[in-house]
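Report on the structure given below.
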Amino acid sequence: MVTPSPPGNHSLSLEAPRLHTASDLLGNHSLGLPLITALVGSRDRRGRVFSPVPVPLPTNPTTQHPTRQKLPSTLSGHRVCQAHGEPVLGLCPLLPLFCCPPHPPDPWSLERPRFCLLSKEEGKSFGFHLQQELGRAGHVVCRVDPGTSAQRQGLQEGDRILAVNNDVVEHEDYAVVVRRIRASSPRVLLTVLARHAHDVARAQLGEDAHLCPTLGPGVRPRLCHIVKDEGGFGFSVTHGNQGPFWLVLSTGGAAERAGVPPGARLLEVNGVSVEKFTHNQLTRKLWQSGQQVTLLVAGPEVEEQCRQLGLPLAAPLAEGWALPTKPRCLHLEKGPQGFGFLLREEKGLDGRPGQFLWEVDPGLPAKKAGMQAGDRLVAVAGESVEGLGHEETVSRIQGQGSCVSLTVVDPEADRFFSMVRLSPLLFLENTEAPASPRGSSSASLVETEDPSLEDTSVPSVPLGSRQCFLYPGPGGSYGFRLSCVASGPRLFISQVTPGGSAARAGLQVGDVILEVNGYPVGGQNDLERLQQLPEAEPPLCLKLAARSLRGLEAWIPPGAAEDWALASDLL
C-alpha cells in the first residue's frame, strides 16, 4: 500500500522497505527543480523488486535560470521503467524516467577564488596563455590548451590571476607576473577568480579591495633536509593504514634540528607526495632515502590556516630550512678581456638539457664573482632561462651590457632541486635576489598611448617599406614591443629583444608598422586587431617602414609613455 508523505517531503514511502529521497540516493545535481521519487516494481525470479527512480515535478517551462539545464517534458503517458519485467506499480499519470547527466562544474565554485596547482613536464609548458587586457588592471587566462596540467587542474579561459604561490600579483606589472610564473617552474600554485565574479567584486568593493586569501607572515610549509645521526632521523610516523601522516619528534633529534615543527603533517618525501601512501609504502620510501632525506611538512598552525582559507598544502608555498645547498647569484662586470667564461648547451647529470658554464678563467670577472666550472645557469637578471635555446640565452646575457647578474646552481644543487621538483629561484635569499632591469618584459606586443603628445617634427608617413615574417619564440613571444601616440602618425617598434624572433627578422627600433597580416594600420580598429594577433596562426607578417632613431626621439620624449600588454604569453 502506498501512503502519501508528510507535507514538504517530495518522496513516496512504503511501510517496508524504507525509501530515501532522490537527493539522498543520487546526490544534488543542481538542476534547480523539485524532485519526487517514483517507486518501480518488477517481477523476476526473486519475486517483486522495488527500486526508487527520481522524477522532476512539472514546472513553468518559460521560467529558466541561465545556469540550469533544460529538462524534457515531465508529464507523459509512458511507463516509468521496463528494465526488469513489466512494471506493476507506479505513479498515475506515469512519468518518464529522466537519467541525470554527470555532474556539471559547480557554478558556485566559480564565484570564489580557486587554487590551481600546476606541474610542468620536461620540455613542456603549464598549458595556458596569459594576457593583460588593454587599459585594465589584472592578468587574464586567454586560452587553456587541452590535455595539459592547466586543463586538468581546472584553469579556465577568462580566469584572472590573483596570486602566484603566496604573492598577490593582481596589481603588479604584467612582465613581473610572467616572470614569477616562469621562475616557479616546474610547479606553481595559482590563485584565480572567474572573470564575471572578479568584475562584480571590483564593482561592489572597489579596486583596492583584497580578494585573494594568503598565508600570514611566517606561516608556510617547510622544506626540511634531515641528515641521519646515531638516533636515526629523529622522528616517528603516526600509525595508520593510509595517509595523511603526522610526525612525532624525538627531543633534540635530527628532524627537530632540521626545522621540522612539532606535530607536523608529512606531505612529501624527496619530492614525492605521500598523501595516498600506505604506511608500508612510506616506511619503504624512508628506508630507500639512505642517510639523508628531504621532507615537505606543515605545522599545525599552517595546516589550520590553510584549512580555513581553503588553500592547498602545496610545495611551491614552502620555505627552505637547513637545505644542503642553495642557488648563487653572481654579479659580473666585464673587463678588458671579457667576462671570462664559456656558455655551453648540454645535458646535465640527470639528462635534462640546459645551459652550463665552463672554462672559467682565473683572475677574470667570472672567477672573482664565484663562478665554478660546471655550474648550470638558472636565470639572467632574475628571469628564468629554462626552456630557452642557446642563442636566445646568449642574447639575454649580451643584452645586459657590461654588468650582468646571473643565478647559477652547482651540480649538487642541480640534483637536489631536480629531486624535490621545485625551482631554485624560489629559495633565493632576499638579499641575493637580482633586480630585473626596469622596462624588461616578456610580452610579445605592447601598446602605448598618451594623448598629450603631439607630432610636430616628423612626416606622418615614412618613405620606403619592407616585409618581415615572424614566428613566435619558445615562450610564445615575438620579441618586440609596439607603441603609438594617439595624435601621432603610426604604430612603431619601441623595443626589440636581442636574439628574439623580431631581431632575427630584421626589425629595428623606430620601424613604423604599415600593415599587419595584410591589413593596413592606421584606422579605428587597430587596437582590436592587435589584441587578436596572439590567436592568429604564425607567421606574423609585418610591412614596415624605417624611421631614424633621431626622428623617433623627437617624436616621443623619453619616459612620456606607459606600456600596456596586448599579446599573450605561453606559460
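Cβ atoms are placed via backbone N, Cα and C, with glycine included.
Swiss-Prot annotations:
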{"type": "COMPBIAS", "residues": "433-444", "note": "compositional bias 'Low complexity'"}
{"type": "DOMAIN", "residues": "115-196", "note": "domain 'PDZ 1'"}
{"type": "DOMAIN", "residues": "223-301", "note": "domain 'PDZ 2'"}
{"type": "DOMAIN", "residues": "329-412", "note": "domain 'PDZ 3'"}
{"type": "DOMAIN", "residues": "467-548", "note": "domain 'PDZ 4'"}
{"type": "MOD_RES", "residues": "Ser395", "note": "phosphoserine"}
{"type": "REGION", "residues": "52-72", "note": "region 'Disordered'"}
{"type": "REGION", "residues": "432-459", "note": "region 'Disordered'"}
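Averaged across the domain 'PDZ 1' (115-196), pLDDT for the predicted model comes to 88. Every protein chain considered, the tally of other Cβ atoms within 10 Å of the Cβ of the residue listed as 'phosphoserine' stands at 19.
In this structure, the residue listed as 'phosphoserine' is part of a helix by DSSP.
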